[in-house]
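Taken verbatim from TrEMBL:
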type	residues	note
REPEAT	56-97	repeat 'WD'
REPEAT	98-132	repeat 'WD'
REPEAT	140-183	repeat 'WD'
REPEAT	184-217	repeat 'WD'
REPEAT	390-434	repeat 'WD'
REPEAT	435-470	repeat 'WD'
REPEAT	488-521	repeat 'WD'
REPEAT	530-571	repeat 'WD'
REPEAT	572-613	repeat 'WD'
REPEAT	614-645	repeat 'WD'
DOMAIN	668-801	domain 'U3 small nucleolar RNA-associated protein 13 C-terminal'
REGION	805-882	region 'Disordered'
COMPBIAS	812-850	compositional bias 'Basic and acidic residues'
Amino acid sequence: MASVQLKKNYRCVPSLQQFYTGGPFVVSSDGSFLVCSCGELIKIVDSTNASIRETIEGDGEAATALALSPDDKLLFSAGHSRQIRVWDLSTLKCVRSWKGHEGPVMGMACHASGGLLATAGADGKVLVWDVDGGFCTHYFKGHKGVVSSVIFHPDPQKPLLFSGGDDATVRVWDLLAKKCVATLDRHFSTITSITISEDGWTLLSAGRDKVVNLWDLHDYGWKKTIPTYEVLEAICVINSGTHFASSLDKHNQLTGKNGGSGLYFISVGERGIVRVWYSEGAVCLYEQKSSDVMVSSNMDESRRGFTAAIILPLDQGLLCVTADEQFLFYSPVEHEERLNLVLSKRLVGNNEEIVDVKFLGDEEKFLAVATNLEQVRVYDLASMSCSYVLAGHTEIILCLDTCVSSSGRTLIVTGSKDNNVRLWDSETRSCVGIGTGHMGAVGAISFSKKGRNFFVSGSSDRTIKVWSLDGISNDLEQPASLKAKAAVAAHDKDINSVHVAPNDSLVCSGSQDRTACVWRLPDLVSVVVLKGHKRGIWSVEFSPVDQCVITASGDKTIKIWAISDGSCLKTFEGHTSSVLRASFLIRGTQFVSCGADGLVKLWTVKTSECMATYDQHEDKVWALAVGKKTEMFATGGSDALVNLWFDSTASDKEEAFRKEEEGVLRAQELENALLDDDYTKAIQLAFELRRPHKLLSLFTELSRKREAEDQMEKAFRALGKEEFRQLIEYVREWNTKPKLCHVAQFALFRIFNILPPTEILEIRGIGELLEGLIPYSQRHFSRVDRLVRSTFLLDYTLTGMSVIEPESNTQPKDESLTHNESKTMDGMLSEEHADEEEKHTSEVVTEKTVSKKRKSLKSRDSSHKKVKGSRHKNDTAISLQA
């Protein structure tokens, strides 16, 4: 048997993320990304796979209006703080902001030129702003309530602005005359949507009075009212030349209605269906047979249906937004030469809380997700689009499991708070069986692993039931009634988890009563009770190879138990809160766990070692699913986030080897540069390799070579701000040691010569670095100053000892001494005189030496002639001089 390769690391890929919580959104000019309001944040989302590109932190309050410039370079946002902000999407920085309304901004629109921004406020005002200057160019007041929508005329040559509000009127504003030129008041309720026809001469307005009005912009007269019998939230005009328009033209030809001058437009509203209208004759050309909005049973009326719709650019179809934060992408297809809308993609903006996840099918290309809703959402892992939704439960789904039956059918079983279990066929996307009999919420469920002909459920009614799959077929029009083959009262409290053994002979159950029980199938005869946890057990699972069970508990521990005698084999501690899930990996040699602390941990059973800890969730991690190939697993939690984890052990090893190899090559380049005296390249390589000791030796050598300073300056100029920050950190460390301070000050001097103060202040964390440099630098300079002063005493002492004598021999002894002393004092006070002395040639030095020898002999011969008083007199003079 081949040795098992242990996993050392996993790479996390956030797959399902919360990106929309209702409110405003806007689509880019090419349809490649969406900008959505997500709580207090603004998120830029890739429209292909719902991955979050960027996150913008607003002003701490939810956004109420969003708009994009025509070139997608600027984003405009406003919230309840009434602050209007302009964001540069390339840098994600707020370039300017201002206030103008006395209430929240409810609508925004950017002019086709990109230079003007119109805002509609809850204060009944419509304001137009200069984008570059941030000042108000137009101030329009006339609405008697909240202004909810505002648009510019799509033709830049027509300076018109349209606004609709709660006062059931649409007002037309002339930007040149700066006044209201028309008030359109055929509606009887709030205006929810206004749009302009392709030719620019017809205005369409929709409201909650269930009608669409058409207006002639030549004279602002009313043209037609089209009743829709539905509260409308959005209307979209279909332009000619699109796939929508061509399909509708064919439909009109078949019905004999071609040749008209009417408009095609789409309406969406509270019913959650898309309808296509033809204004000529007020005919509904297409209506969806059923709604794709999955309405929850406990959802109020305000959260039903669609809230917005937009025709995507570049003929990419239709985007509709539902009241439960989903983005539905529709593509037009021709069915029997008629228009038909197909749901091509579903992006879920907010899953609220992930309760359970499981991989689906042999290839594991899909992921079944249970949230705190009554539906199961099945996601395509490639695009992270919600492929389909399984609806049928009347209460929240608490658990699910998947399997591929012996006949090749991919099955899903779910347990819910409605006390029922349901069996689903993923191919037909329908419910094929319903099991009733539990008296409490079904919180645990597990498929048979070998025969795949039954499943086991556990409930808050403290019982375990075994359900048979016999007699289930796809031919039944109604779901079959599932039969329970066995049942047992298993625990004293709620059952949180059940798991069937790999050979289908045993089933284990974990309960809130702190025990786990192993039962023999099919009659559910008790085998052993596992006691030892101090809190409730949240998860149980059999080892795929050994006769043991792993349990995860609220007492922050994970335990492995022997089935034979119920003894605890190992206890794993490391989580800081309740452990909610634990699953085996690679033939039971490792396992992965997750808990209420938001951590995911990878463990090795043999060594009881935690190999890795991952902190990629912000809240409790309720769900854990391991793929059959154990190359990946998925986690989901209360933060509405589903993460996919891929084994990166091999890739990490290759990357480490590659980096080591590259480091060796770079180190050799560094040595070669030193041999070639190429200090510029050597400094750059030392920085790349992060070798401060090598940098220190380089700077030490350069500090002794004046001609190498140019190379040092050239190397410094090639550094970026982050590298300068790293260099100053090194200098700060060197500056703390007296032996290295001269090198540190030498490098610091060069840095300050190259960088102007303005750029130094822009370096991240420069204040803290300078605070560490200043006190040590002051200490070093004080010490150097004391040393310099001490050298003066040395000069004076040598002079007093007649070691240093003047060049002239003609003066008397006393005068010579006085002259020598004054010369010494002058040398201490004058640096120029000291420099001149250093410039004497070797010949003068030789003459001085000979002269001193002669003077020394002469002083010895005449020493007996000196009187005692003169010596005392000289000593007094010296003490006074000192």
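Just so you know, glycine gets a Cβ as well, placed from its N, Cα and C.
Caution: TrEMBL annotation is automatic and unverified by curators.
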Residues outside the repeat 'WD' (98-132) whose C-beta sits under 8 Å from one of its C-beta atoms, at least 6 past its ends, are 64-71, 74, 76, 78-80, 82-84, 86, 138-152, 154-156, 161, 163, 165, 171, 173, 175
In DSSP terms, the repeat 'WD' (390-434) comprises 0 helix, 27 strand, 18 coil
Quick one: find which recorded stretch in 56-97, 184-217, 390-434, 530-571, 572-613 has the most Cβ pairs under 8 Å with the repeat 'WD' (488-521). 530-571
Within the domain 'U3 small nucleolar RNA-associated protein 13 C-terminal' (668-801), what mean pLDDT does the predicted structure show? 81
For the repeat 'WD' (184-217), could you work out the same-chain residues 6 or more beyond its ends whose Cβ comes under 8 Å from its Cβ atoms? 148-149, 151, 153-155, 158, 160, 162-166, 168-172, 223-237, 239-240, 263, 265, 267, 277, 279
Helix-strand-coil residue split for the repeat 'WD' (140-183), DSSP-based: 0 helix, 24 strand, 20 coil
Helix, strand and coil residues within the repeat 'WD' (530-571) as assigned by DSSP: 0 helix, 24 strand, 18 coil
